[in-house]
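Working notes, beginning with the structure itself.
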Amino acid sequence: MDDLAPLPALATGTAAPAILDIQGVGKRFAFGTETITALSGATLRIPKGEFVCLIGPSGCGKSTLLRMIAGFESVSEGTLLMAGRHVAGPGPDRGMVFQDYGLFPWLTVRQNIGFGPAARGRPRAEVAATAARFLEMVGLDRFAEAYPHQLSGGMKQRVAIARVLANQAEVVLMDEPFGALDAMTRENLQRELLQIWESTQLTVIFVTHAIEEAILLAGRVVVMSPGPGRIVADERIPLPRPRDPTGVEFNALRRHLAALLGSRH
Amino acid sequence: MAAALGRGLVSRQALLALAAPVLGLLAWHLATTGRAYSLIPPPWDVAVQWWDLAFGGVWDDLYSATLLDHVLASLGRVYGGFLLAALVAVPLGLLIGRVAVVRDLLDPSLQILRPIPVTAWLPLAMIVFGIGPRSAFFLVFLGAFYPILLNTIFGVRSVEARLFEAAAMLGVSRQATFWKVVLPASLPSIFTGLRLGLGFAWVVIVVGEMTGVQTGLGAIIMEARQLSRTEIVISGMITIGLLGFVSDRLIQALGRRLLRWSPQHG
Ligand SMILES: Nc1ncnc2c1ncn2[C@@H]1O[C@H](COP(=O)(O)OP(=O)(O)OP(=O)(O)O)[C@@H](O)[C@H]1O
Ligand SMILES: [Mg+2]
């Protein structure tokens, strides 16, 4: 129970090729004259189609790891491979959903969703069809011509998810995407996200503070710890979906993960 | 219902906006009317003079029915100088905001020139451009230039880093970032600069037209002052105020149309 060594990826379906292969990855930031080690020695193989949650206390390097995968931050040590190739910068194969949405305020909901395909020079008709399809998927047809400042937080986050999906991202990176939303909106979005994930081939890496959210969503929970940031556990969540947060197994997992988190500080 | 409410609101606003001018007019009237030695003419005399200036038929002197010529001359200089300023300041501001080399090259010099009041340029402008409308045009250009430049730079510099990340992860190339992110994101600031710049253009025009210019609102104000025709001076002032007001309203309406997406403008 307290064995904190990362588990080998045994139950993963050993043959599945890793879409993300993270080997001994670390990140150092220069901070004035000092050097801050935000993350060190992170090793993680993520097969295509997996839903992985990263949890850990504040400052343990969750965002840093996610931003390195996205290509926003350079890798200080180790190797980071996406579909077998070194990550050298941001790219449309890895879509990011930010906690603060990052929508383009001058574009309508429809234009935001079609932004990626349009920016990459897809034909007009195709962009329109793609935007319409994902507008419908996230249930925002009625707000297609609204601007971001006219939307609620939950609606903005739906747009952010739709725009990444419309861009045919293979890996969706989400950094506490529902952290700023009220409980009811959060539950709805969690359910919708799972539906979308189940109906697609998406690989999702989802950062959260909340143990319960991680157990509810993930097929696998990666536990991180600060000072310096590192991975301390890698747990499968073997429960069938939809999951019942009041169930016995759910609560056993919750205690288990809380112990893993608590034992390190 | 909503429409009626809206109209009620508008008329209430208009009423409030009119309160100060009406009170001012009243005070002016009480202070000047019926006094033999008042240096300031009473409002009614000014109104008559304005009418004669605009349409003639009252005094039939040198100034009668000339207002349109002066207005057109000033309008041409204001909008000409303003447009030229916008044409130079917006691209320059985009470059300074976006390209470090250009910023290091030009920003210090521009910051040193900036505190010099536009009026202080007048003597130099007259030497370089000669006495006449070209100096006025230059001063208007200069007056409008800095507000547009500084607001454009500010707009470019304050584009949220998040939007660059969002564009990059959606597949926008580095070169395309300028058109897809920087320019649209800084439009509200650029627009604020244009609005301020146009306001300054109207402020500066009078100074610009004060020497060696035959037509223009600034020119008749100066000329009338020398002839002690204070009614004409005030008529010219009021005309400038109204034109400046209307032109600000127009540019604001344009902003509301183009920047519907922006909570500040929409
Ligand atoms: N740009 C940066 N410059 C310097 N230090 C940084 C930078 N970004 C992150 N750090 C440091 O790296 C460490 C990990 O930060 P990170 O944001 O990855 O943590 P986190 O796990 O996402 O925390 P939270 O849960 O609060 O979001 C922190 O100590 C932080 O101060
Ligand atoms: Mg974080």
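Glycine is treated like the rest: Cβ placed from N, Cα and C.
Range B:78-100 is the one annotated as transmembrane segment, of B:9-31, B:78-100 (source: TrEMBL).
Counting Cβ pairs under 8 Å to the transmembrane segment (B:137-156), the top-ranked stretch among B:78-100, B:112-131, B:232-251 is B:78-100. Of the candidate ranges B:78-100, B:200-220, B:232-251, B:200-220 contributes the most Cβ pairs within a distance under 8 Å of the transmembrane segment (B:112-131). For the transmembrane segment (B:232-251), the residues of the chain that approach it from at least six positions outside its boundaries are 41, 46, 49-50, 53, 63, 67, 70-71, 74-75, 78, 194-195, 198-199, 202, 205-206, 217-218, 220-221, 224-225, judged by C-beta separation under 8 angstroms.
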